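In Swiss-Prot this protein carries:
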SITE      Arg21  site 'Transition state stabilizer'
ACT_SITE  Tyr26  active site, proton acceptor
BINDING   Asn77, His83, Asp90, Leu104, Ser105, Arg114  substrate binding site
ACT_SITE  His103  active site, proton donor
Amino acid sequence: MSQLKRILLLNGPNLNMLGVREPTHYGSLSLKTIEQDLQSLAQQYAVELSCFQANSEEKLIEKIHQSFQQIDFIIINPAAFTHTSVALRDALLAVAIPFVEVHLSNVHKREPFRHHSYFSDVAEGVICGLGAKGYEFALQFAVSFLKK
């Protein structure tokens with residue numbers, strides 16, 4: 001029997017405040033609800049999903065490093081680190097795990113400083129502006145990608 005594919009969902013700073021933080025941009029669902037919904041989908045897709053959120057760059061980098069040869073695909077919402085973190089980008093490149101970048105809001109409809117991402121050019125794909133559904137689409141893509 002083949003081993004379950006392992007997918008890691010990484011969420012960056014302030015996403016622990018989903019549901020109360022700027023719901024016009026980020027929606028009204030909590031991160032816990034989003035993660036529970038994704039766990040149900042992961043079971044349907046017969047993949048193993050682990051979830052991790054941190055407000056510190058160091059903790060996110062450590063989690064990426066720990067994923068080396070342990071995780072098959074990463075779904076990441078780097079949040080504000082999208083626009084600032086060369087270190088997170090380098091960590092993803094170092095472990096060479098394919099990933100999709102997800103943003104709840106359409107970053108291109110927001111402030112100009114949010115228009116640049118340190119991740120998009122090295123990601124398998126980018127999903128933005130679709131709210132919590134974006135995570136579902138990312139998981140669906142990850143499953144499809146891993147079947148190749």
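Note that Cβ sites are derived from N, Cα and C of the backbone, with glycine treated the same way.
Location within the structure of each feature annotated in Swiss-Prot.
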residue	record	Cβ contacts under 8 Å, 6 or more apart
Arg21	site 'Transition state stabilizer'	Asn14
Tyr26	active site, proton acceptor	Leu18, Leu104, Ser105, Gly131
Asn77	substrate binding site	Leu10, Asn11, Gly12, Leu15, Glu101, Val102, His103, Leu104, Tyr135
Asp90	substrate binding site	none
Recorded positions considered: His83, His103; fewest surrounding Cβ atoms within 10 Å belongs to His83
Counting across all protein chains shown, how many other Cβ atoms sit within 10 Å of the Cβ of Leu104 (substrate binding site)? 24
DSSP three-state call for Tyr26 (active site, proton acceptor): helix, strand or coil? helix
Count the Cβ atoms, other than its own, that fall within 10 Å of the Cβ of Ser105 (substrate binding site), considering every protein chain shown. 18
Three-state secondary structure, which DSSP defines for His103 (active site, proton donor): strand
